[in-house]
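Since the structure comes first, as structure tokens, the remarks are kept for the end.
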Amino acid sequence: MASIHMAQRETWTSRIGFIFAAVGSAVGLGNIWSFPFQTATNGGAAFLVVYLLAVALIGFPTMLIEFVIGRRGEQNPVEAFRKIGHGQWSFVGGLGLFSSLLTLAFYSVVGGWVLSYIVGSATGSYFGDPGTYFGAVSAGPTAVAAHAVFMAITIGIVALGVTGGIERATTFMIPAILVLLVGLGAWATTLEGATAGYNYYLSPDFGVIANNFGTIVPPAMGQAFFTLSLGFSVMIAYASYLGEDDSLPADGGAIVVVNTLVALLAGFVVFPILFATGGAEGASGGAGTAFVALAGAFGNLPAGQIIGFVFFVVLLFAALSSSISLLEVPVSYITEHYGYRRSTTAVAAGVFIFLVGVPATFGTTWLGFYNDFVFKFLLPIAVLLLAVFIGWFADTDAMDELGRGSSVGGSFKTIWLWWVRTVVPIAVVVTLYLGIKALYTGLSSGAYFG
Ligand code: TRP
């Protein structure tokens, strides 16, 4: 795989190299932690249906938008807009950089929890009282220390460089995640509650969707964008290293499929575990309930200690394969733009982001707020701007770029363009409206900082 260092405009040596890097970014806490627990919080299979529709109908076309901008622009996400001749839109790339910073800040805090749970699985210390253990590691000094360790590992990998650090780390971690998840899923079939878990996960109740449209759509859409790493300019950056003869629709399709498979697999692990020890209710709700519910289950299951250890190691790999990509975006922009050394930049940016994340270690309300702000506000806004830009202001270039290197017909391109012009913006505006309403209600009812 080629270096994706921004200073020289290299291209990926293999198509697989690009897909690997993009999958590493996409597969993360979003797939293995957030996805199953958003599903549990929002009615099980009903959420799954809306989420899959959001991924296919809105996420995939949006990924193509970022690919088109990236490959056409052949520059970092901010410069890319200028290169295409629309410099006034470069703030959209900047917004993506900002979202990356903010996301990594709270992502690393959760990464720290995962580290504590690996230790807790090894020592058995959460088995007696999972709630108390979560309280002790999710806030206060332990959380700050674990957040620091997680960020230090991320900085270390990014400082080592793209080929020596990021590529080496992800080519090891992604296959490991897949193999271990399949193993965990196979083990989960043997559990007492497996069938009830699969039912809850896979048999949608369409009445639930109809009655809870307003509460299901924003998280499903936010989750779709987040899990595909859209709206963060990452895919713009990665696609800028693509050669002319790569097919954007084919590559995008492969990334979406692999990413969705990992999330679905995580559900096949988590739901049987939850239903073996009490059902999904215990796991619905905020960020922390997921950890408490799972840890409680591991404490009560045969071989739970080993299974728990493996599960949290998988979660750690997934978190790291994403956090390095989140840090790489600002680092590559700064090194290219200002000419600082990669290692210095990685340390400086990493320390800054660490500090931004510290409030999220005070308690889960701040963390929930960071998370909701990104999911419900920043991401939909970025995606809306991207769709309007490509659909209405750069449509000719976009159509042309989408066709390069691919055998898709003119009708695919035409449908995509009209979809990006109309369906994507309308869907995102609805989501944004519902999401902002939820944020506002949360803020004014004191749900975050009451
Ligand atoms: N997709 C990642 C996940 O599911 C999180 C993420 C969102 C991300 N945007 C990103 C990772 C940008 C790297 C770069 O956990």
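Cβ coordinates come from backbone N, Cα and C, glycine included.
TrEMBL labels come from automatic prediction, so no person has curated them.
What TrEMBL says about this one:
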TRANSMEM  12-33  transmembrane segment
TRANSMEM  45-69  transmembrane segment
TRANSMEM  89-119  transmembrane segment
TRANSMEM  139-162  transmembrane segment
TRANSMEM  174-201  transmembrane segment
TRANSMEM  221-242  transmembrane segment
TRANSMEM  254-276  transmembrane segment
TRANSMEM  282-299  transmembrane segment
TRANSMEM  306-327  transmembrane segment
TRANSMEM  347-370  transmembrane segment
TRANSMEM  377-395  transmembrane segment
TRANSMEM  415-436  transmembrane segment
Top partner of the transmembrane segment (254-276) among 45-69, 221-242, 347-370 - counted as Cβ pairs under 8 Å: 45-69
Two-stretch contact, the transmembrane segment (221-242) and the transmembrane segment (306-327), at least three Cβ pairs under 8 Å: yes
Stretch with greatest number of CB pairs under 8 Å, the transmembrane segment (139-162) reference, 89-119, 174-201, 306-327, 347-370, 377-395 candidates: 89-119
For the transmembrane segment (306-327): best-contacting stretch of 45-69, 174-201, 347-370, 377-395, by Cβ pairs under 8 Å: 174-201
Chain residues in Cβ proximity to the transmembrane segment (45-69) (below 8 Å; excluding those fewer than six residues from its ends, i.e. six or more beyond): 35, 38-39, 80-81, 84, 200-206, 208-209, 212, 216-217, 219-221, 223-225, 227-228, 230-231, 233-236, 239, 242, 248-249, 251-253, 255-256, 260, 267, 383, 386-387, 390, 394, 397-398, 401-402, 416, 419-420, 423-424, 427-428
Tertiary contacts of the transmembrane segment (174-201) (same chain, 6+ residues out, Cβ under 8 Å): 20, 23-24, 27, 32, 39, 44-45, 48, 262, 265-269, 271-277, 279-280, 301, 303, 307, 310-311, 313-314, 317-318, 321
